[in-house]
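Student: Take a look at this one; I'll ask things after.
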Amino acid sequence: MFDDLSNYRPANPALWQGRKDTANQERFFQKITFIDNQNELMTKDKKTIFLGFASDTGIKRNLGRTGAKLGPDQIKTQLAKLPCHNNKHYVDLGNVVCENDELELSQSQFAQIVHFCHENGHQICAFGGGHEIAWAHYQGLSSLYPKLGVINFDAHFDLRPYKKGEFGNSGTPFSQIATYCEEKKMPFHYCCIGVQKFGNTPSLFEKAKKLNVSYLSAEDLYEQSQAWQIAFLDDFILNLDHIYLTICLDVLAECYAPGVSAPQALGLSPWQIMPLLKYLIQSGKVVSLDIAELSPPLDSELKTARLAALIIAELLDTN
């Protein structure tokens, strides 16, 4: 399957284990299926596809703390154990792995799989890996969804300087998307939720302003009402047909998410972002989703991994 993609690795069924103390099909490990041939995805039976992007090369290039390459498998391991409260069909399609600093190749191959799955009517729920997953994920969606907006829950804009032909990193994905949109003469629709004042330099705030980025700071989520926040999201998504939703776990406070490259002492709580995430899913406009920056070697008692899995489970159960 995907034999022409050198960095693709098939799913590992051993990751999907859990308690068997209740009726069949009540936990994710009992719901997951695997396929042997990509032609099995060319059917009318639409599925949610789990796809990992096992890379921390972008984090390394960004001078961060590595370990996120192990994130996808750990998220799958934790998700497997959780109860599943819906009747959706899930497929673990495996991972795209970044080897030997070949980030650009890995991103291209990840994008090809995303494109193939969406072209055949499936939805992607992807697990990073560093936030370099965002540029890979977007490339797989852009030609299929012309009026596509990006909503990023993140402490950082990830708009660090990037010029075409340079190597990107975990801090440049949305600069890369902006450059791509400019080249294609497409509007750049980008919204960032949970921005930390001291996680971004003044020049990054200036760049966000120049690119007309919509954003809410972490303070906005503490100080403003949920109704105000939802009105902000409504204004952003009003003229968009589709949304690519990406979650960087460092948007959350270090006490909840210690296992990330750049933990945030003044980050948000899970229940400050969950209502907004669920609202976006309920809008019907989210076509693809990922969660990034889990670094198992930096985690404490699986706190971040378990939280990542719970966030995914909550969103998969939201209609």
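Even glycines carry a Cβ here, placed using N, Cα and C.
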Student: From His131, His137, His189, grab the residue that Swiss-Prot records in the same Mn(2+) 1 site as Asp154, Asp158, Cys248.
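Tutor: It is His131, as the record lists it for that site.
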Student: Minimum Cβ neighbour count within 10 Å among the binding-site residues His131, Asp154, His156, Cys248: which residue?
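Tutor: The binding-site residues His131, Asp154, His156, Cys248 were compared, and His156 has the fewest Cβ atoms within 10 Å.
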Student: Report, in whole Å, the straight Cα-to-Cα distance of Asp250 (Mn(2+) 2 binding site) from His131 (Mn(2+) 1 binding site).
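Tutor: His131 (Mn(2+) 1 binding site) and Asp250 (Mn(2+) 2 binding site) have their Cα atoms 10 Å apart.
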Student: Between the Cα atoms of Asp154 (Mn(2+) 1 binding site) and Asp250 (Mn(2+) 2 binding site), what distance do you get, rounded to the nearest Å?
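Tutor: On Cα coordinates alone, these residues lie 6 Å apart.
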Student: Which residues does Asp250 (Mn(2+) 2 binding site) neighbour through Cβ under 8 Å, counting only same-chain ones at least six apart?
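Tutor: Asp250 (Mn(2+) 2 binding site) has long-range Cβ partners Asp154, Ala155, His156, Ala257, Val260, Ser261, Ala262, Pro263, Gln264, Gly267, Glu293.
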Student: Using the recorded Mn(2+) 2 site (Asp154, His156, Cys248, Asp250) as reference, state which further residues of the same chain have their Cβ within 8 Å of the centre of those residues' Cβ atoms, listed in sequence order.
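Tutor: Near the Mn(2+) 2 site, beyond Asp154, His156, Cys248, Asp250, sit His131, Asn152, Phe153, Ala155, Asp158, Gly194, Gly199, Leu249, Val251, Ala262, Ala292, Glu293.
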